[in-house]
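Listed features, source TrEMBL:
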type   : residues  : note
DOMAIN : A:26-110  : domain 'Cyclic nucleotide-binding'
DOMAIN : A:160-233 : domain 'HTH crp-type'
Number of protein chains: 2
Amino acid sequence: MSEAPVLDLASLRRGCAHCSLQQLCLPAGIGAQDLQKLDDIVRRRRPVERGERLFRPGDALNAVYVARDGAFKTVSISEEGEEQVVGFHLPGELIGLDALGAGVHRCEAVALTTANVCEVPFDQLSFVASQLPSLQQQLLRIIGQSVGRDQDHLGILVRRQAGERIALFLHGLAERYRNIGQSATRFKLPMSRDDIAHYLGLALETVSRGFGKLQEDGVIEVVGRQVEIRDPVELNRLAHNAEHEEPRRRGRA
Amino acid sequence: MSEAPVLDLASLRRGCAHCSLQQLCLPAGIGAQDLQKLDDIVRRRRPVERGERLFRPGDALNAVYVARDGAFKTVSISEEGEEQVVGFHLPGELIGLDALGAGVHRCEAVALTTANVCEVPFDQLSFVASQLPSLQQQLLRIIGQSVGRDQDHLGILVRRQAGERIALFLHGLAERYRNIGQSATRFKLPMSRDDIAHYLGLALETVSRGFGKLQEDGVIEVVGRQVEIRDPVELNRLAHNAEHEEPRRRGRA
DNA sequence: CGGAACTTTGAAGTCAATCAAGTGCTGTGG
DNA sequence: CCACAGCACTTGATTGACTTCAAAGTTCCG
């Protein structure tokens with residue numbers, strides 16, 4: 001009885017209920033049978049240690065991954081060996097889509113903390129999706145959201161100054177923590193200043209100074225990687241309105 | 001428009017052979033019947049004039065588009081009204097994927113030149129794809145390639161200096177012209193310096209100076225929007241190796 | 001406790017943005 | 001055909017932001 005599929009299904013459903021796959025299966029109005037098709041192909045992995053990689057550039061696209069807890073970064077390495085942080089992945093966000101185009105990963109996915117991940121073999125996912133149009137559509141949507149996040153990232157990098165980028169980064173991160181049911185005002189950064197710098201296209205010293213200034217201004221409280229957002233409204237203003245518009249208004253008003 | 005399907009099919013097939021949809025149907029080993037399913041949903045539009053828009057931010061995702069000739073830019077407009085050029089689209093490159101995530105466009109697509117476009121209603125494409133697994137896979141791949149291009153764009157913007165970005169831009173553009181069977185060494189830029197600047201995250205003056213310097217160094221010949229690449233090897237080196245690493249064409253050559 | 005990794009802080013230099021003319025193309029009307 | 005307006009592009013000078021180099025301070029773990 002303890003091996004009864006009903007129990008397994010129940011536990012999986014509970015598991016997926018607060019991991020990103022909820023977006024893949026639940027809103028599709030999926031039946032128990034169909035859900036099981038999906039559940040059957042999801043694999044668990046032993047915890048991944050900090051610094052371990054899920055895949056490396058050049059690896060074939062075997063699976064996509066979702067962290068159940070912990071965090072990852074995806075890094076693309078230029079021909080000169082310089083690292084560029086392409087994205088951070090919190091629990092529930094899909095990892096591995098970078099290989100969709102060529103069938104081969106462009107980036108490496110590195111664990112920032114010890115983490116538990118679900119692994120979904122891609123060919124099986126693809127096969128199941130072809131049988132379940134609603135799942136296929138969900139898959140497209142998830143991918144589209146990931147594209148949207150990339151575009152947001154672009155928006156952060158283009159013609160924005162350091163303070164603005166940092167505010168935008170913190171703002172976006174808070175939003176994402178809120179989405180996974182964690183505090184949006186108090187959290188521990190899973191990544192180093194260096195990682196943030198490589199994500200924002202800044203020098204790490206600039207990131208450090210930016211944090212310092214935000215603290216000076218009473219917007220955040222930061223000790224090492226522990227962050228508390230004291231003034232979310234002001235943070236939002238800094239992120240969207242640019243800091244140089246208000247404080248000193250010269251001719252252009 | 002209901003005309004003789006057979007004739008339409010023939011012309012479309014010829015048409016698709018050198019437009020981006022070739023990537024959608026041809027490699028899938030698609031049969032004549034299946035091809036027709038696809039061809040049936042592709043619509044032509046009257047030529048789009050320079051400055052016209054295919055869609056605007058907030059528009060529902062009705063269709064994806066492919067230019068048969070001409071060029072487009074997709075622009076996302078920040079809350080402060082600043083324009084950010086998200087991408088340029090040459091003939092054969094899909095336009096409109098930005099709405100996949102939310103079902104609503106985030107960007108606007110503006111014609112840079114007069115252009116002919118094919119319009120593929122998205123729900124129909126999605127429906128046909130669900131019936132043709134091979135088409136579905138192709139669709140995923142196309143989307144993945146678009147994600148890859150976005151990541152390349154990211155790579156251009158992060159921590160690269162102006163000269164490098166411009167070289168990278170020209171290099172990438174040449175590559176894409178080559179892919180569509182046009183000269184990779186001599187072409188006319190469809191976009192303004194201002195568009196390029198907004199794409200590269202630079203001021204337009206900086207772009208102009210960058211072009212000037214490349215010309216001074218004998219790498220390119222540029223008159224207005226007409227560009228000739230004189231030294232592709234050097235351009236490639238500038239794009240990937242950074243100009244300040246090695247020969248500072250002053251003292252030690 | 002000690003060491004390594006990470007973070008903060010300071011000072012100096014550089015690159016690109018900005019402001020400001022000026023030049024050259026394109027098309028239109030006299 | 002030329003004059004002229006409008007726009008796109010180029011060029012110059014200045015300023016400010018960020019990087020870089022350097023060093024001290026902190027946190028995290030074994």
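Using N, Cα and C of the backbone, Cβ positions are placed for all residues, glycine too.
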Using DSSP, how many residues of the domain 'Cyclic nucleotide-binding' (A:26-110) fall into helix, strand and coil, respectively? 16 helix, 31 strand, 38 coil
Could you give me the DSSP helix, strand and coil counts for the domain 'HTH crp-type' (A:160-233)? 41 helix, 11 strand, 22 coil
For the domain 'Cyclic nucleotide-binding' (A:26-110), what's the model's average pLDDT? 87
